[in-house]
Amino acid sequence: MIDITTTGTVTERSIHYDDPGVSHLPGVTYCMGDGDVAADGDEIPGIGQYEDFHTIDWQRDIARDRMRHRYIVKRKQNSLFDLVKGAHDAWSGWVCVLLVGVTTGVFAGVIDIGASWMSDLKHGICPEAFWLNREQCCWSSNETTLSFDIGNCSQWLNWSEVLGQSREGAGAYIIGYLMYVAWALLFASLAAALVRMFAPYACGSGIPEIKTILSGFIIRGYLGKWTLIIKSVGLMLAVSAGLSLGKEGPMVHIACCIGNILSYLFPKYGRNEAKKREILSAAAAAGVSVAFGAPIGGVLFSLEEVSYYFPLKTLWRSFFCALVAAFVLHSINPFGNEHSVLFFVEYNNPWIFFELVPFVGLGIIGGVIAAIFIRANLYWCRYRKTSRLGQYPVTEVLVVTVVTAVIAYPNPYTRMSTSELIYLLFRKCGVTNMDLICDYNRNFTDVKSSIELAPAGPGVYEAMWLLVLALIFKLVLTVFTFGMKVPCGLFIPSLCFGAIIGRIVGVGMEQLAYNYPSIWLFSGECSTGKDCITPGLYSMVGAAAVLGGVTRMTVSLVVVMFELTGGVRYIVPLMAAAMASKWVGDALGSHGIYDAHINLNGYPFLDSKEEFAHTSLAADVMQPKRNETLSILTQDSMTVEDVETLMKETEHNGFPVIVSRESQYLVGFVLRRDLNLALAQARRAVEGLRPNSLVLFTSSSPQQPPEPSSPAPLVLKNILDMAPITITDQTPMETVVDMFRKLGLRQTLVTHNGRLLGVITKKDVLRYIKQLDNEDPNTVLFN
C-alpha cells in the first residue's frame, strides 16, 4: 500500500491524540512553529497553499495554527531550546507589527518629502540648495512669514528668473506656464511607464483590493516588493504632476505591502494566510496613521472600513503599529512643524447651536455630490474597461495630465497642490494672511486684539468665484483621474470638494452675521462685534461631509478629521455632517466608492454590513441543479486514471468524497490543488504506480480484495478534510450567508439525511444575491 502523507486540509476537528505521550499520529503530518514538519513521510511541497484569484478557507487555516500552537506548548517542557522557541512564537506578532510600523513611517516620510520637493519643482528651484522645497528654502533664508506668503522669497527663483527673465510680467507668466505643463507631463509619463512596465498592480488606490484581500482573497503579487517600490515612486510622481488625486489612500496599500513582505520573516504568519491577515489589518491602520498623522483614526479605519476579521488581539496590535508609525513619522517631521499633521488649525470660537442647521446642510450637499461623483466615476471606469481606451493607459494618463495642467495654471487655487488649497481653506484669517480669501475690511490697530466681524472686500468675492470654478474643475477631472493606471487616492480630492463648498457657505454665514448680528439665530453671540463665525470650521465640516459620502465612513472619519486638524471641540458638528452625508449617500446609491469598485472588478466580497433580505433555501442555490451530474470522488473504488479524467473534465476547486455512488454518504472533501500535488508527488516518488492503481481516501482496504497482479493502491487519506462544513438542503439562505460571512467559508456541502446533494461556493452565493437584486450575476468573475 502506497501512503502519501501531508498536512493537507486536516482540521483540528478531525484529529485526536490516542496517547498523550505521542506527539503525532502515524502517517499524519503536523506543521511546527518554524515550518518544520514532523511526520512519517515527507511533506508534499505546496500542499495547503492557494492558487491565484481564489478564496482562502479561514476555518482550515485557523485550525492549522491552533494545531501548531498546541504542539509548541506541548514541547515547551522538553528543553530550553523548545522554551525559547515558544517564547519567540508568542512575541513574534508584536515584533512583526513593530517592524511594520517603523518601516511604514520611514516610507511615508520619504514619500511626503519627495512629493513636496517635486511639486515645487514645477514652479521653480532653490539655487543655494536644490534639494530644498520652496518653504524650506525660504525658511533657511530667515525671511519673514509675510514675505513668504506673498511670494517674495528672494532665495527661491521662479523658472523665469532661472532663465534670465524678470519675476513678473507676461514673459514670466508664459515661461512659468510652459514649465508647469512640461514638468507635469514628465512626472505623469514616468509614473505611468513605471506602473506599466514593472508593477501593473501599483495603479489606483488599492483600498478596494485590500478590502477584498483582507476578506480572504488571494491576489499574487499585489502586495509584493515590486508593487511596493513602484507604488512609492509612482505616487510621488503622480502627486507632483498636479493630477487631481491624493497620496493618502495609496499609503494603505503601501503599508499592506510592507506588512505582507515582513510577515514572511515570521513563518507563523508568512505560511498561514488567515494569520497573515492579522498583520495586514495592523498595517492598514499604520497606513492611515502616517497618511494623516491620525493613529487612533487609523485603527478605527481598519476596523470599520477594510478589515474582515478583527479579533481583540488584532485591535491591540493595530493600535501599537499605528502608534509606532506615527512616532517614526513625527521624528522625520516631513511637514516641518511640531504637530506632524497635515492641516493643523487653531479655532478659538465656540460654535453656536443654530450652526448645526448649516452643518447638517453641508452633510446633505456632501452626500449628493458624493453620489454624483461615484456614479460618474463608475460609468467612466466601466467604459474604460469595455472600450479600446483601456488598451492605451499611458496615452490616457498623458491626455488627462495635459488637460489638467493647461486648465489648472490660470487659476491660483488649482495651480497650487490640493493639500495646500485645503490648508488655505481650513485656515482662519488673521493679520498675516494676505490671500484674496482673507480680503476683509478690518482695522488691525492692535495685533494682539481679537479679530472683529467685518464686511468682505472685493478680494473675497473674487476668491469665491475662483473657488467655484476650482470645484467644478476638480470634480470633473477627478472623475476621469481616479482609476487611471497611476497610483491615485481619493481622500484628498474628496476633502478638497467639501472644503471649497464649506468655505463658501461659511463666508455666507459670516456675512449674514455681520449684516444682521442681533437676530435670534446667532443667540446674541455676534452682537458684540467680535468674530463669531469661523468659515474655516465650515470648510472642515464640508470636507468631512464629502469624504463621508464618498467612502461611507462615519466613526473613523470623525476621529481622523479631529486628529487631522486638532479641532477636538468640534466633534458634534463633524458627527452631524458625517451622519447626514451617509444617510443621503445611502439613499441615492447603495455603495461607497470602494465597494462599488469591488463590484465593478467582480471580486468575491461578501459585505458584512449588508443584510440578506430574501427568503430562500440552500437547495435553491446549490450546484449542481436538478437533473445535473455532481462531480464526486469515491473513497475506495476510483483509479488514478479515473481521478485524472475527472480533473481534466471539470474546473471545480475541490471534490466531495463519498462512500460509493450507490449510497452517496459523505466522507469528506479534498481540494483540487492538493489532489494534483499529491498525484504529481506520487508519480515522481513511487515506483509501480499505474493508471489502474486504486486511489483510497480511507485507511481500510476496499471491500473486494485486489487480484494478485493488480498494483498497490495509492492512499491519499491525509489530504482529505474529514470534517467539512455541511448544511441540509432545507437550511435558510440567511443562515448560509451568515456562515460564509462570519466563518469565512470557501464552500459548504449540502446533504439530506447524510447523503450528499450538492455544493455551495462563495461565488454561488454572490451570484445568487446579484440575481435577486436584478443585477448581472456574471459580473462575479473570481471564486
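Here the Cβ of each residue, glycine as well, is placed from N, Cα and C on the backbone.
Residues annotated as domain 'CBS' in TrEMBL: 622-686 (among others).
Mean pLDDT, taken over the domain 'CBS' (720-777), works out to 89 on the 0 to 100 scale. Residues or ranges marked as domain 'CBS' in TrEMBL: 720-777 (among others).
According to TrEMBL, the transmembrane segment annotation covers 91-113 (among others). Beyond the ends of the transmembrane segment (91-113), by six or more residues, the same chain brings 232, 235-236, 247, 251, 254-255, 258-259, 262-263, 265-266, 268-269, 278-279, 282-283, 286-287, 289-291, 313, 317-318, 320-329, 331-332, 334-335 to within a C-beta distance below 8 angstroms of the stretch.
The transmembrane segment feature in TrEMBL is assigned to 177-199 (among others). Listed by sequence, the residues of this chain that lie at least six past the ends of the transmembrane segment (177-199) yet keep a Cβ under 8 A from its Cβ atoms are 118, 121-123, 159, 224, 226-227, 229-231, 233-235, 237-238, 240-243, 393-394, 397-398, 401-402, 404-406, 409, 415, 484-487.
If you look up TrEMBL, you'll see 219-239 (among others) marked as transmembrane segment. Residues 52-53, 107, 110-111, 114-115, 118-119, 187-188, 190-191, 194-195, 198-199, 201-203, 206, 209, 212-213, 245-247, 250, 253-254, 256-261, 280, 417, 486-488 of the same chain lie 6+ residues outside the transmembrane segment (219-239) yet bring a C-beta within less than 8 angstroms of a C-beta in it.
What TrEMBL records for 251-267 (among others) is transmembrane segment. A Cβ distance under 8 Å defines the sequence-distant neighbours of the transmembrane segment (251-267), meaning residues of its chain 6+ beyond its ends; these are 33-35, 92-93, 95-96, 99-100, 103-104, 107-108, 111, 205-207, 209-210, 213, 223-225, 227-228, 231-232, 235, 276, 279-280, 282-284, 286-288, 290-291, 306, 325, 487, 489.
Residues or ranges marked as transmembrane segment by TrEMBL: 279-303 (among others).
According to TrEMBL, the feature transmembrane segment maps to 352-378 (among others). Under 8 Å from some Cβ of the transmembrane segment (352-378) lie the Cβ atoms of residues 475, 478-479, 482-483, 494, 497-498, 501-502, 505, 509, 521-523, 525, 532-533, 538, 541-542, 544-550, 572-573, 576-585, 587-589, 591-593, 596-597, 600, all in the same chain and six or more residues away from its ends.
Within the same chain, residues 176-177, 180-181, 184-185, 188-189, 191-193, 196, 241-244, 384, 415, 473, 477, 480-481, 484-486 sit at least 6 positions outside the transmembrane segment (390-409) and bring their C-beta atoms closer than 8 Å to a C-beta of that stretch. The feature transmembrane segment is assigned by TrEMBL to 390-409 (among others).
What TrEMBL records for 463-483 (among others) is transmembrane segment. Long-range contacts of the transmembrane segment (463-483) within the same chain, counting only residues at least 6 positions beyond its ends with a Cβ under 8 Å from a Cβ of the stretch, are 204-205, 243-245, 369, 373, 376-377, 380-381, 384, 400, 403-404, 407-408, 411-414, 418, 421, 425, 435-437, 439, 490, 493, 496-497, 500-501, 503-504, 507, 593, 597.
Within the same chain, residues 205, 244-249, 291-292, 355, 358, 361-362, 365-366, 369-370, 373, 418-419, 421-422, 425-426, 437, 456, 460, 464, 467-468, 470-471, 474-475, 478, 481-482, 533-547, 550-551, 593 sit at least 6 positions outside the transmembrane segment (490-509) and bring their C-beta atoms closer than 8 Å to a C-beta of that stretch. As annotated by TrEMBL, transmembrane segment applies to 490-509 (among others).
Feature annotation from TrEMBL assigns transmembrane segment to 537-562 (among others).
Listed by sequence, the residues of this chain that lie at least six past the ends of the transmembrane segment (279-303) yet keep a Cβ under 8 A from its Cβ atoms are 93, 96-97, 100-101, 104-105, 107-109, 210, 213-214, 223, 247-249, 251-256, 258-260, 262-263, 269, 309-310, 314-315, 317-326, 329-330, 335, 339-342, 491, 553, 555-557, 559-561, 563-564.
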